[in-house]
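**Student:** Structure in structure tokens, see below.
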Amino acid sequence: MKFMKLGTKPDSFLSKGDNVRYVTNELETEIIIIIGNVKFYLHKFPLLSKSGFLQKHIATSKNEEEKKNQIDEIDISEIPGGSVAFEICVKFCYGITVTLNAYNVVAVRCAAEFLEMNETFEKSNLVYKIDVFLNSTIFRSWKDSIIVLQTTKDLLSDDSEELVKRCLGSIASTASIDTSKVKWSYTYNRKKKLEKVRKPEDGVPKDWWVEDLCELHIDLYKQAIKAIKNRGKVPSNVIGEALHAYAIRRIAGFSKESMQLIDRSLINTIIELLPDEKGNISSSFLTKLHRASIFLGCEETVKEKLKKRVSEQLEETTVNDILMYDLDMVQSLVKEFMNRDPKTHSKVSVAKLIDGYLAEKSRDPNLPLQNFLSLAETLSSFPRHSHDVLYRAIDMFLKEHSGISKSEKKRVCGLMDCRKLSAEACEHAVQNERLPMRVIVQVLFFEQIRANGSSTGYSTPELTTTTLNTEDDEWDHEKEF
């Protein structure tokens, strides 16, 4: 971290309890400055020579007699940065050594501006020195710029607003730079896809800046992302990755417990910042945001916007992404997906997704039959390379709902095309006592056709085996497919 030292004298400031500060020298106190519950016992000359504000507000004695008996008292509790920033300004006036760094420079700069410690009253005054430090050092440092920006959130002054703009400009400019020119340190701890270990020859990743900005409060983060987007040099998918990293940092795991601890405005802000283009946000992240918007009771327009975004990338979604949804919501997503007139390959992916979802949801003995049928029938026209996972869902439903009638069981099994079961699935089905006898006969019939085709030299193309990875992934006969 960069820093700047001002002054050469040793520290002669002492404290009396928590609320009194004074300077040790032979001169008597001439002025008391009150800031909140803290009182500073000081001398006029060092202050008046550098502060226009104090010159205006401290009375001067008319004669020596009055001067001996008079102690001016002034309350400036409204000073930005409070007593800590004011004490640094005072020490500067006394020539006492002070150290400025990214953590305190903004507060001191605002306090100095409040006290009018500018060039009008003394050349190279405190405001000037701080501005030189900011421009030559702080705003040229990536991490210091972020720290400085973070410290502005508790300061309410026109001067702090100007500093925020300068910080944002520095951060946006640095984040937008060509990665080949990035020579400074940055934080990069996220796992990359396929557990790829980055090598020096890989160069600096495009999203190198993402994690450092996660330290910012949401209001400042919003301004930083907008400033970066306005530069127009950072790809939308990197912006999406930045928002994902920030959300994960603030909402651990997107669990109900973690979401109970956050404010709705956090989710609303992240949603507002999402890139509009399809594919720049992962489907997994979109589903997490959508679930969070439902859980937190966000506005309907927000929830509908996210539902549409999820449906647009439904073919990229995994079963784990949608397991937290109820069947009505998943059916709504499927219908939204169908309204886009999707291509065949997308339909195949979504059919596989929903089959896997039903296989998991069927484990719930309280799942209504009509809900199961309604969702499954919504995709009845979708092409599937294999009906293995659909069979798995049907078998699990029959296992957990053994009390349904024969006609209901027949309707459930009617969802499946026995011709599209793999050999392993057929082997399981013919031994499955939960299936109606008619279905077992159909399976045996098509297996016979398959066997006859093999004996005559014609073989049916092997169907793709589809397995959903779950903790309880075994059939009753301890066979997987």
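Keep in mind that glycine also has a Cβ here, set from the backbone N, Cα and C atoms.
So Swiss-Prot lists the following for this protein:
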- 460-469: compositional bias 'Low complexity' (COMPBIAS)
- 29-102: domain 'BTB' (DOMAIN)
- 207-450: domain 'NPH3' (DOMAIN)
- Tyr391: phosphotyrosine (MOD_RES)
- 456-481: region 'Disordered' (REGION)
**Student:** What is the number of residues in the domain 'BTB' (29-102) that are helix, strand and coil, as DSSP sees it?
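**Tutor:** Taking each residue of the domain 'BTB' (29-102) in turn, the totals are 30 helix, 19 strand, 25 coil.
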**Student:** Taking all residues of the domain 'NPH3' (207-450) together, what is their mean pLDDT?
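**Tutor:** Over the domain 'NPH3' (207-450), the predicted model scores a mean pLDDT of 93.
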**Student:** For Tyr391 (phosphotyrosine), what is the tally of other C-beta atoms lying within 10 angstroms of its C-beta?
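**Tutor:** By my count, 29.
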**Student:** Kindly assign Tyr391 (phosphotyrosine) to one of the three DSSP-derived states: helix, strand or coil.
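**Tutor:** DSSP assigns Tyr391 (phosphotyrosine) to helix.
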